């Protein structure tokens with residue numbers, strides 16, 4: 001494994017700024033989907049899904065916009081990490097996989113916000129199921145894979161490397177929770193663990209570039 005190389009000073013600022021935007025945007029999206037923003041988003045496949053999206057376009061629009069902002073921030077963060085240290089192709093591919101999952105979720109939410117009142121119920125269910133999977137467990141799993149590979153770099157301290165591997169593979173294991181509603185909290189916990197690790201990693205990169 002190669003040692004970290006020197007990177008331009010703006011890399012540290014890009015890492016710190018993008019991780020802050022990523023955390024805020026993902027938190028805003030989670031709030032928009034929860035009962036804190038009014039009516040909580042229903043579970044895919046449950047009755048009343050089409051009626052929900054027809055009645056709450058603004059809430060769904062905010063959720064979709066937040067996902068797209070988070071995807072853009074994650075893209076910038078991954079590029080900043082790649083500039084700060086040598087990363088193998090598989091790590092960069094995993095990064096873009098996580099970005100794409102968020103992008104799909106954001107576009108799907110925007111489609112539901114704009115067309116939810118005119119699409120057939122089956123169409124709403126299909127788009128929503130894809131959106132929920134992409135922005136939920138699939139994003140968490142791909143983000144976890146990215147973290148697990150990224151944590152292998154010697155750019156991080158030993159403790160951060162170990163924690164990154166644990167958080168990353170834990171998130172990947174959340175693929176086993178697909179279709180099990182009772183384990184949704186496990187996916188949420190893995191998502192929070194990944195966010196916290198990214199904050200610590202971006203902090204290390206930012207201070208290294210000072």
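Positions of Cβ are set from backbone N, Cα and C atoms, glycine also.
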Stretch carrying transmembrane segment according to TrEMBL (options 35-59, 60-84):
60-84
Of the listed stretches (12-32, 60-84, 96-120, 126-150, 186-207), which one yields the highest count of Cβ-Cβ distances below 8 Å with the transmembrane segment (162-180)?
126-150
Counting only residues 6+ away from its ends, which parts of the chain sit with a Cβ under 8 Å from the transmembrane segment (96-120)?
50, 53-54, 57-58, 60-61, 63-68, 70-71, 74-75, 78, 127-128, 130-132, 134-136, 138-139, 142-143, 145-146
Six or more residues out from either end of the transmembrane segment (126-150), which same-chain residues have a Cβ under 8 Å from its Cβ atoms?
29, 44-45, 49, 53, 67, 74, 78, 81, 87-88, 90-91, 94-95, 97-98, 100-102, 104-106, 108-109, 111-112, 119, 164-165, 167-175, 177-178, 187, 190-191, 194, 197-198, 201
